[in-house]
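To start, I am sharing the structure in question, which I have written as C-alpha cells.
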2 protein chains.
Amino acid sequence: MPAAKRRQIHLNAFLRNVGQHEAAWRLPETDVSAVTDIEHYRRLARLAEKAKLDAIFFADHPVLKDRSQDRPWDSLDPFTLIAALSGVTERIGLVATASTTYNDPYGIARRFATLDHVSRGRAAWNVVTTANAEAAANFGFEHHPDPDARYGRAAEFLDVAFGLWDSWNDDAIVGDKAGGVFVDPDRIDRLDHAGPHFRVAGPLEIPRSPQGRPVIFQAGSSEPGKELAARYAEAIFTAQPVLDEAQGFYADIKSRVRAHGRDPDKVLILPGLSFFIGGTEAEARALQDTFENLTLPTYGLAQLARITGIDFSNHDLDAVVRVPAREQGGNQKSRHDLVHHLTATETLTLRQLLRRLSAGRGHRIATGTPEQVAATIVEWFGNGAADGFNLIPPALPSSLESFVTEVLPILRSQGLFREDYEGTTLREHLGLDRPSKARRVAAGFAAAAE
Amino acid sequence: MPAAKRRQIHLNAFLRNVGQHEAAWRLPETDVSAVTDIEHYRRLARLAEKAKLDAIFFADHPVLKDRSQDRPWDSLDPFTLIAALSGVTERIGLVATASTTYNDPYGIARRFATLDHVSRGRAAWNVVTTANAEAAANFGFEHHPDPDARYGRAAEFLDVAFGLWDSWNDDAIVGDKAGGVFVDPDRIDRLDHAGPHFRVAGPLEIPRSPQGRPVIFQAGSSEPGKELAARYAEAIFTAQPVLDEAQGFYADIKSRVRAHGRDPDKVLILPGLSFFIGGTEAEARALQDTFENLTLPTYGLAQLARITGIDFSNHDLDAVVRVPAREQGGNQKSRHDLVHHLTATETLTLRQLLRRLSAGRGHRIATGTPEQVAATIVEWFGNGAADGFNLIPPALPSSLESFVTEVLPILRSQGLFREDYEGTTLREHLGLDRPSKARRVAAGFAAAAE
C-alpha cells in the first residue's frame, strides 16, 4: 500500500429485483420468478461482495405501486431481505431503507441495532420520509403528511434513535461470574425523551452495536431533506443527472454540513448512476435501445403523471411534447425540472420522452464503453460532484456483472478503488469514524429506575 | 415409511441467549459474549436443524428488564435475529415473537410475508400482546393497555394481517413478456379494512408467500388469550407445570377450537419443557443444584414480586414463606397460582422457593436420566396434555446438546419423532395445511384503484 493513498471512490449496488429499468423483466434472459427468490438476491450480494463494493442497498416502498401490471416493483420488505443476506455475506455493507413517517423509533432502533450486531458492524439505515402518498392508507393516515411535517418528525425520530443507540456504554457488560454482576446498570442510560412526536423512555435493551450506531444514509433532495442530511447523514443518495447541478448540490451539502459543525469529509455524497456498457459506443447504445424498445407507454405515462402532476395519456405518442415548468413545490421537484428542461431544449415526441425517461428515472446515465463509463465516474469524482456512486444496474444480474468485470478494473488500475476490503465494518469501508457515545445528563438506568 | 405412521411429537427449541436459566451465564462453561454473538446463534440453529427439530423459537421483550445486572435477557430483536438465521439454515422452522400492542399490522404483515419468502416457507409468528407493562413507555403509551384492550386490538390486528397476506392470488404473477403483462391486477385484492383500531387499505405489495401465510403461534393463557388462540392460532406455547392441569388446558383449547368450527388436530398445543439430564437421577439433580446454587436472590425476589405483586425483599431468606392466594386478575395468573400452591403444600424457606422457581419459571421441569425425560414427554404426549413441546434448555448450547444426543434417540426408537424432515416448509413439519386464499367480496386492486 502506498504511503499516501489516493482518495477512494465509494460504490454501492442498488438492487431492485430484476433491475431498475422498467423493461428489465421483459428481456429474454430475465427470470421473472427471481423477484421473490432469495437465491437471486444471494447471488447479487455475493457478486457485489466479491467485487469489494462498499455496500448493497435496498429501497423501500410500503405500498403496491400503481401500474404494477407493467413491471415488478419492490416486492419484499428491504430490512428483512437484507437481514437474511447478512447470513450469506461477511464483509459487504448492508443498507436498508426505512421510513420515519411509517415506523416508530423504538422499533427501528432495535431492529437496526440488531442488524449491526448480527452482521458484525455492516448495518446502515437509509432514512426516508416516504414520497409515495398512497402509503399513508396502509398505516391508518387520512393523508400523507406534507414535507415539513414529515421532516419535523424525521428529525425528532433520529434524535430518539441516536439516543437509544447510545443507551449502553461500550463497557456496560461486566460479566463478573464470581461476583454475580452481568452488567453495570450505571453504565446504561435511560433516554426519557419527550417531544412533539414521540415519548420514549428507553434504554434500548440492546448493548451498543459494533459500529456504535448504524451508518446513516439519507435520500431526498428537497430543502428540508438537505437540512436533515446536513445534520444527521453520513452518506447521501441523490438523483443528479447533470454534472454542473451535481457540483452545486455537492457544494451546497458540504457547506451545510460545515455550518452544523460537522466534518464535510465524513459526509459522503453518492449520486445514482445507471449505465449501459458495450464493447463500442454503438453497442452500448444498441443495448440501451433494447431496453427502451421494451418499455410500455402505460407505465411511462403513469410515471410522467407522478413527476409532473399532468396526465398525458390523451396526447399522441408520436407528437412532439412540451412539459410546462414546475410551479412551487411538488414531491419530485428535481425530476420535474429535468423533464421540463429536456422538452424545452430538445424536440421530442411523447414516445421519445418516455423512452428517454425510462433509462435513468432522473439519475445520471452513462452509456458507452467501459472506458467511457469509468471516465464519467472519474470526472464526477475528481470535480466536486461525487464521493462515489450508488450503482443502479438496469438489469440484474447482467448489468452488475458487466460493471464489475469491465469497469471496476479500470478504476482499480488508476488506484481509485480498493483491491480488497481493509476493514471489517461498513464504517471502515466508507472511511467513517465509529461515533463515541453521547454523554447524557440523566442518571443511569439503575438510578433512574429506583 | 410404515403405511399408518404413528402420530408424531413436535419439538421446538426455545433459544434465550445463553440459556433460560437465570444462572446459566455464571456457569464456568458459558461465554458471556455469546449473548450478542451471531456465531453463537448460528451454532444453535444448526444444532437444532441437524436434530431435525420442527423450529427454533425466540421470545420478544421490547424493553430492558429490571435486574438486568443479574442475568442476560433477550438482547437482540428476535425478528431480525431469525431473519439472519434464515440464511444459514435450510429446513428448520423459524418462529419469532412479535407484539400486536406495539407494532402496526401493515409492518408486521410485510415483514413476516418477506421472512416466509426468504426462508422458502419456514416462517411463523408467535403472537403476543406483551405482558411487560414497562414496554409501554418505549412506545409513547401512558399506560400498558389492560388485557381486554390488548386482546381486542390483537384480534383486529390478526384480521388485518390475514387479509393482507391474502392480497395476492397464488397465480397473480403472469410474467407475460411478449404481451407486457407482469401481474394480473384483477388477481390482487385490496383490503379496505376499517375497524376500531386500524384502517388499512392494502393490498400488500408482496406476492402470496410459500406457506400462504406464516404459521400462527400464540402464547398467553388468560381467558382472552385462549379465545384468541382458538380463533387464530395453529400452535400454542403455554406454561403448564402439572400434568392434570395441562390436560385440562389441552381439552379446553381443543374444545374451543372445535366451537369455532376449526379442526382441533390442526391446532397444536406445545407446553414449555425445561430439563436437567444426567446419567443417573442423582447426577441430574446435582446438575440442577449446580444451576440453583448460582442463582442471585435479588433476581429471584424481583421475579417473585412480578408474579405475585408482593415484595418479599424484607423477608428472611431462611425463614419459611407462604405466598397468599391470588385475588382476581393479575398478569401472571398461572404462575401466581403455582407459587401459592407450592408454598401451601410444602414447607419452603424463601431461599428454597426462589431456587425452585429458578428452574422452570412456571414451565414443566424434567430432571432425570434421558429415559426419564423421554418418559415425561411420552406421558404428556400420550395422555392428552401435549402435541409436543417447546424445549427450554437451561443452558445453551450444552443443555440442547444433551437433549439432542441423549433424549431424541429414545423418542426415535419409539417411532415418535422424525428421522429426517419429510417436507420443506414449517407447515409440512407441523402437519398443517397451506391455507387457501380467502375470497374477498371487494373487487380487485385494479378495479378498486380506478
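Using N, Cα and C of the backbone, Cβ positions are placed for all residues, glycine too.
Annotation source TrEMBL lists domain 'Luciferase-like' at B:31-385. Residues or ranges marked as FMN binding site by TrEMBL: B:Asp60, B:Thr97, B:Tyr151, B:Ser221, B:Ser222.
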Helix, strand or coil: which one is B:Thr97 (FMN binding site) in, per DSSP?
strand
Across all the protein chains here, work out how many other Cβ atoms are within 10 Å of the Cβ of B:Tyr151 (FMN binding site).
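Result for B:Tyr151 (FMN binding site): 22 neighbouring Cβ atoms inside 10 Å.
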Same-chain residues six or more away whose CB lies under 8 A from the CB of B:Asp60 (FMN binding site)?
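Expected: B:Asp74, B:Pro78, B:Phe79, B:Ala96, B:Thr97, B:Ala98, B:Ser99, B:Asn126, B:Val128, B:Thr130.
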Give me the count of other Cβ atoms within 10 A of the Cβ belonging to B:Ser222 (FMN binding site).
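There are 20 such Cβ atoms around B:Ser222 (FMN binding site).
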Relative to the Cβ position of B:Thr97 (FMN binding site), how many further Cβ atoms are located within 10 Å?
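The Cβ of B:Thr97 (FMN binding site) has 22 Cβ neighbours within 10 Å.
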Over the domain 'Luciferase-like' (B:31-385), what is the model's average pLDDT?
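It averages 94.
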Give me the largest Cα to Cα distance among B:Asp60, B:Thr97, B:Tyr151, B:Ser221, B:Ser222, the residues the record lists as binding FMN, in Å as a whole number.
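It comes out at 18 Å between the most distant Cα atoms.
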Let me know how many other Cβ atoms fall within 10 Å of the Cβ of B:Ser221 (FMN binding site).
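Looking across every protein chain shown, the total is 20.
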